[in-house]
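Contents: one structure, followed by commentary.
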């Protein structure tokens, strides 16, 4: 199947998209470097070891004030349209197309492969052609249990999501806000079936 034919999982409404902008999970209302230092302490408290970041600014801040993420998801732009240059592009690099307000089928598969590479000792970068925000969902769903996912909100919060079952279930609930036809596409995605969906 070519990239142009990959099904898209489209959030149904403004309300559904707005839910992803809420500071749920562990929200840190601080600017860097303070926000990163707090996240670091929480990582230690939760005994997390894998850092996954979603977003260019968060990825740069974590690398600057802590250490390089094991997995980062970036689109080389900020919300204001500023181009971000990442000098450390070594390691495994994936590219995926993901249009605004969508989740591509391919993003789940690439995220799973990315974590497999991380567990093999590689640093991984996923470069998104489009918008990376919603890839926080597969970043949580596909993450090993010792992972912490970090992403930023335009309201200024840094959000930390430990990859535990409770937060994975929350992400699955967000996915129920997809249109019916899109939910059928989602049901047929192997990565989501692994979390308990049954094909009908």
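Even glycines carry a Cβ here, placed using N, Cα and C.
Since this is a predicted model, take the numbers as computed values, not measurements.
According to Swiss-Prot, the GTP binding site annotation covers 56, 57, 58, 75, 132, on the basis of sequence analysis.
Residue 56 (GTP binding site) counts 24 other C-beta atoms within 10 Å of its own C-beta, drawing on all protein chains shown. For the binding-site residues 75, 132, the ranking by surrounding Cβ atoms (within 10 Å, all protein chains) places 132 first.
Each of 53, 54, 55, 59, 73, 74, 77, 78, 84, 152 belongs to the same chain as 56, 57, 58, 75, 132, is absent from that list, and has a C-beta within 8 angstroms of the C-beta centroid marking the GTP site. In sequence order, 78, 84, 152 make up the list of same-chain residues 6 or more apart from residue 57 (GTP binding site) whose Cβ falls under 8 Å from its Cβ.
For the recorded site, residue 75 (GTP binding site), the DSSP three-state label reads coil. Cβ-based neighbour count (10 Å, all protein chains) for residue 58 (GTP binding site) stands at 24.
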